[in-house]
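*Asks:* Dumping what Swiss-Prot says about this protein:
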type	residues	note
ACT_SITE	LYS117	active site, N6-AMP-lysine intermediate
BINDING	ASP35, GLN36, GLU37, TYR38, ASP39, SER84, LEU85, GLU115, ARG138, GLU172, LYS288, LYS312	NAD(+) binding site
BINDING	CYS406, CYS409, CYS425, CYS430	Zn(2+) binding site
DOMAIN	589-668	domain 'BRCT'
Amino acid sequence: MDIPKNIKERYEKLKAEIEEHNYRYYVLADPIISDQEYDKLFKELVELEKKYPELKTPDSPTQRIGGIVVEGFNKVNHLIPMLSLDNTYNEEEILDFHKRVLKNLSLNHVEYFCELKIDGVSVALRYTDGVLTQAITRGDGTTGEDITQNVKTIPSIPLRLRENLTIEVRGEIYMPKKEFVRINSEREEKGLPVFANPRNATAGTLKLLDSTEVAKRKLSSFMYYVIFPQNYNLETQEEAINFLKEVGFRINPNYKNAQDIGQVIEFWKEWNRRRKELEYEVDGIVVKVNSFELQRLLGETARSPRWAIAFKFEAEQKETKLKAIKLQVGSTGIITPVAEFDPIQLEGTIVKRASLHNFDYLKERDIREGDYVLIEKAGGIIPQVIGPVKEKRTGEEKIIRPPEKCPVCGGKVGKIKSSEVAIRCLNPSCPEKLLRTLENFVSRNAMNIQGLGPKILKRMVDAGLLKDIADLYYLNEQKIRSLGEGIGDKTVENILTQIEQSKNRELDRLINALGIPNVGSKTAKDLANHFKNLDSLIDAKFDELVEIEGIGEDIANAIIKFFSQEEVKKIVKKLKDAGVNMGKKEEEKLEGPLKGLVICQTGALSKMTRQEFAEYVESKGGTFSENVTKKTNILVVGENPGSKLDKAQSYGITIMSEEEFFDKYGES
């Protein structure tokens, strides 16, 4: 059908506007609109493409949603080889590299460009007339695989450049540390093998055949190299980095133009010390001769360039004695082996326990109780047992085999699916499963029932007071007092008050608290916003669920299966009968001293957490923003403020200390 001219013009304007906001957010870190305003523009674009499918183009921002499933990945030849880098680990070796460079060039001085070495997956991006046409993995260096549809889902990679260039650039795709932790927690809950580190998680994600699934994992990127730089009048790596940023790519801001090898070493020392500050993994720095002409003169070997080297950080590993391997039962029945070892200090924290994930992990690494083992932090966050120090074995070490019965209740164990690695307790009445479910139900992000910690919940389960989560709402003074020692008047009153108050929690908290597999706080909010009440969610059909952004087939099936269980139906009825809120409350525009003001925070506050401060701001009629934009009215500064302070100062935004803010606007 003929598309009206004004619709075509609006469509092109929307595309350009959204890409401009993507550039400001991901490349410049300087957004000028709120998330809500961005979502409104994006939704309008989606609606236009639904109504007029002929409008849709390969560079449309809606390509980031995914939805394309491929049968496999085609092989693609690289224009020039994607070489790997030689590695060096100490100052002596980097000085040897420097001497080789000077000797080969017959020079006394060379300028270097130093970049952080992102621990991710290398990619080549090809653009034709400014539009992304192909994304290729490194592969064997000569031939890679076409992963274009998956790469299109990564928000920091532009689908259209700011100039109509035909160009190939190279860089790194990575998974942020927080996303790595989230995905591994989710996989462990599903009984799937966990990823060893963020790099493996990134590689696994990019090899998924369904781009919708890729879009759910928040990958990001940094570009750092231009193929055939002379075609764009670029003479140095520093010029290339600035050029990449100008045309729309996200570049890593932590780089240095080093005038001598001493400055290279200082840069390496600085980031070896500061790398824990970063939201992504780095495993060293990359040192490049800055001049492209000198790079050309130095050339390459068959495997690596002579003009660049990776100056690696040593991963901090500690050796300790694995005293015991305990078996832990989770809320879904998964039995997880947990290592308990002599306490060690690792990257600034004391650690003495680490998950061993599953029994396949134990077997593959031949980890035994009583071994001396090496520990490091996966993704710089989670303590992980790397493997045993076999030369220290005495023969008294004990092999831990999968249990034949539940270590807590003695019930049957097995696998729900033959494909999963997890072994589960299959007893629906297992007290340990119930205890973990209760702990989730009362937690801060769920029903937020304070005063019911793990110890008192265990006493209640052991005493038979709690058979399911709904039994919490049928506790009374007599039942709580029957627990005996340590339960005084104040404790009883506090527990009953907290339980009563929790009946009025928002619907999304209840959904999160129920323990639906694969449904966390973000998904729970999406479900609450869509269905408005629990009954509508319970009755929802598969097709309706998958229409909700962020709800894939796995989550939809998990929701349907969860609410089809007779046990769950009984629990929901008991919760209703007890007066627990089952519907989303109508949002009221709160009046207060902060009405109409957008408030942002940087640094740690002494009075409350970030989440509590956000809730406080909104309770006073204000809007809490995670980012400083030109629409921010006040930045509240706590201890150790970050870059938001500099940005707020450059925008002329009102800056207040925590004390000044609460003096003016009152405390909760």
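Every residue gets a Cβ built from N, Cα and C, even glycine.
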*Asks:* Quick check: of the binding-site residues listed here (CYS406, CYS409, CYS425), which one has the Cα closest to that of GLU37 (NAD(+) binding site)?
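*Replies:* When the Cα distances are compared, CYS425 comes out closest.
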*Asks:* How many whole Å apart are the CA atoms of CYS409 (Zn(2+) binding site) and ASP39 (NAD(+) binding site)?
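*Replies:* CYS409 (Zn(2+) binding site) and ASP39 (NAD(+) binding site) have their Cα atoms 49 Å apart.
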*Asks:* Of the recorded positions LYS117, CYS406, CYS430, which one sits closest to ASP35 (NAD(+) binding site) when you measure Cα to Cα?
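*Replies:* It is LYS117, whose Cα lies nearest.
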*Asks:* Over all shown protein chains, what is the count of other CB atoms within 10 A of the CB belonging to CYS430 (Zn(2+) binding site)?
*Replies:* 19
*Asks:* So for GLU37 (NAD(+) binding site), how many other CB atoms are inside 10 Å of its CB?
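*Replies:* By my count, 14.
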*Asks:* Rounded to a whole angstrom, what is the C-alpha distance between ARG138 (NAD(+) binding site) and LYS117 (active site, N6-AMP-lysine intermediate)?
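*Replies:* Distance (Cα to Cα, whole Å): 16 Å.
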*Asks:* Could you tell me the mean pLDDT the prediction assigns to the domain 'BRCT' (589-668)?
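*Replies:* Mean pLDDT for the domain 'BRCT' (589-668): 80.
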*Asks:* So what sits near CYS406 (Zn(2+) binding site) in its own chain, CB-to-CB under 8 Å and at least six residues off in sequence?
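*Replies:* Residues satisfying the criterion: VAL329, ILE335, LYS412, VAL413, CYS425, ASN427, CYS430, GLU432.
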*Asks:* Would you mind reading off the Cα separation of LYS288 (NAD(+) binding site) from the residue listed as 'active site, N6-AMP-lysine intermediate', to the nearest angstrom?
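*Replies:* Approximately 12 Å lies between the Cα of LYS288 (NAD(+) binding site) and that of the residue listed as 'active site, N6-AMP-lysine intermediate'.
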*Asks:* To test your reading of the Zn(2+) site: which residues beyond CYS406, CYS409, CYS425, CYS430, same chain only, put their Cβ within 8 Å of the Cβ centroid of those residues?
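*Replies:* So the additional residues around the site are VAL329, GLY333, LYS405, PRO407, VAL408, GLY410, GLY411, VAL413, LEU426, ASN427, PRO431, GLU432, LYS433.
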*Asks:* Whole-number answer please: how many Å between the C-alpha atoms of LEU85 (NAD(+) binding site) and LYS117 (active site, N6-AMP-lysine intermediate)?
*Replies:* 11
*Asks:* Could you state the CA-to-CA distance between the residue listed as 'active site, N6-AMP-lysine intermediate' and ASP39 (NAD(+) binding site) to the nearest Å?
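*Replies:* Approximately 33 Å lies between the Cα of the residue listed as 'active site, N6-AMP-lysine intermediate' and that of ASP39 (NAD(+) binding site).
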*Asks:* Once near-sequence residues are set aside, which residues in the chain of ASP39 (NAD(+) binding site), 6 or more away, have Cβ atoms under 8 Å from its Cβ?
*Replies:* none
*Asks:* Can you tell me how spread out the NAD(+) site is, meaning the largest CA to CA distance among ASP35, GLN36, GLU37, TYR38, ASP39, SER84, LEU85, GLU115, ARG138, GLU172, LYS288, LYS312, in Å?
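*Replies:* Between the outermost Cα atoms of ASP35, GLN36, GLU37, TYR38, ASP39, SER84, LEU85, GLU115, ARG138, GLU172, LYS288, LYS312, the distance is 43 Å.
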*Asks:* Find, among the binding-site residues listed as LEU85, CYS425, the one whose Cβ has the highest number of other Cβ atoms within 10 Å in the structure shown.
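*Replies:* Output for this query is CYS425.
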*Asks:* Kindly report the helix/strand/coil residue split of the domain 'BRCT' (589-668) according to DSSP, in that order.
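*Replies:* The breakdown for the domain 'BRCT' (589-668) reads 26 helix, 18 strand, 36 coil.
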